[in-house]
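Peer 1: Got a structure here, written out as structure tokens. Questions coming.
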């Protein structure tokens, strides 16, 4: 690893195979914490290549527990995190709205590293029980149209980098990798990125995998559709910038999307959205993301119709019913 680190500090780009071997070595605990921190830091100072990202992804999937749920044709809705925006849990709420519309969801998530409350924090606080049992996950996705794969339970290799990530307290290559290494192997993907370069990288990765996907990046930095302005969409069908009114929705201020300072704050907003008692801004930003997700899983309907489907799921209480079944 010393030699590799020396090469990396001299602007060397890893091949796919070298990247995979490096990630396997880290995951298997063969690299000390100082070297892990140095390795991670390289990618905080320069952009990652497609080959490196592919190699890292392959290594993490090779080391993860089997949880293949592809027979259910599920979707994952996930952002990289690390955008520094501290929004409420938009992607996770969108999952339940999509589930309420009859689409299976296999959500890959984790505790917060660089924000106040991650997807795992809020669903656990509200009563969801994490499991890495395939039988439990099958039961959940069959009964609630939703299951959550809490990353540390499926990626034991991550335990070797968790302390370093926590100490760094900022986005790292692992933020980039999280959305790419869902052990459920979902059929459909809605991925949010914190910058445009990563959106393009994700696009290349998913095109090479023949995935059914959409990647979003809000032009003002959010890793999801924020309705605070324009946002880029890269998908099997689209590669363009959309505005909120292209979806029949309104534009909002960043402050209207705040997730609060604590898990309790985030959980309060979460339930208010599911009970259809939230602010219009909170409701519409969830509908925007859920609507785009529905349009990926149902490409034969328009984006407007997909948003209408999302609205029906939320306003009818079906989204909340899926949540209650998931946490029972």
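Cβ coordinates are placed from backbone N, Cα and C, and glycine is handled just like the others.
Feature annotation from Swiss-Prot assigns 5-phospho-alpha-D-ribose 1-diphosphate binding site to 79, 82-83, 87, 89-92, 107-115, 119. According to Swiss-Prot, the feature anthranilate 1 binding site maps to 79, 110. Residues or ranges marked as Mg(2+) 1 binding site by Swiss-Prot on the basis of sequence analysis: 91, 224. Among the features that Swiss-Prot reports, anthranilate 2 binding site is placed at 165. Sequence annotations record features per position, and here Swiss-Prot assigns Mg(2+) 2 binding site to 223, 224 based on sequence analysis.
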Peer 1: If you count Cβ atoms within 10 Å of the Cβ of residue 87 (5-phospho-alpha-D-ribose 1-diphosphate binding site), leaving out that atom itself, what do you get?
Peer 2: 25
Peer 1: When the number of other CB atoms within 10 A of each residue's CB is tallied over all shown chains, which of the binding-site residues 91, 110 has the maximum?
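Peer 2: Comparing the binding-site residues 91, 110, the most crowded Cβ belongs to 91.
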Peer 1: Rank aside, I only need the closest one: which of the binding-site residues 87, 110, 111, 165 has its C-alpha nearest to that of residue 223 (Mg(2+) 2 binding site)?
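Peer 2: Among 87, 110, 111, 165, 87.
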Peer 1: For 108, 165, listed as binding-site residues, tell me which one has the smallest number of other Cβ atoms within 10 Å.
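Peer 2: Each of the binding-site residues 108, 165 was scored by Cβ atoms within 10 Å; lowest is 165.
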Peer 1: About how far apart, in whole Å, are the alpha carbons (Cα) of residue 108 (5-phospho-alpha-D-ribose 1-diphosphate binding site) and residue 224 (Mg(2+) 1 binding site)?
Peer 2: 15
Peer 1: How many whole Å apart are the CA atoms of residue 79 (5-phospho-alpha-D-ribose 1-diphosphate binding site) and residue 224 (Mg(2+) 1 binding site)?
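Peer 2: It is 7 Å, counting Cα to Cα.
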Peer 1: Report the nearest neighbour of residue 87 (5-phospho-alpha-D-ribose 1-diphosphate binding site) in space among the binding-site residues 110, 165, 224, comparing Cα positions.
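Peer 2: In terms of Cα distance, residue 87 (5-phospho-alpha-D-ribose 1-diphosphate binding site) lies closest to 224.
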Peer 1: In whole Å, note down how far the CA of residue 110 (anthranilate 1 binding site) lies from the CA of residue 165 (anthranilate 2 binding site).
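Peer 2: The separation of the Cα atoms works out to 13 Å.
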Peer 1: Measuring CB to CB from residue 224 (Mg(2+) 1 binding site), give everything in the same chain under 8 Å that is also at least six residues away in sequence.
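Peer 2: Correct list: 79, 87, 90, 91, 192, 216, 218, 285, 289.
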Peer 1: Are there residues of the same chain, six or more positions away from residue 111 (5-phospho-alpha-D-ribose 1-diphosphate binding site), whose CB falls under 8 angstroms from its CB, and which are they?
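Peer 2: Correct list: 118, 120, 121, 152.
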Peer 1: 10 Å Cβ neighbour count around residue 79 (5-phospho-alpha-D-ribose 1-diphosphate binding site)?
Peer 2: 27
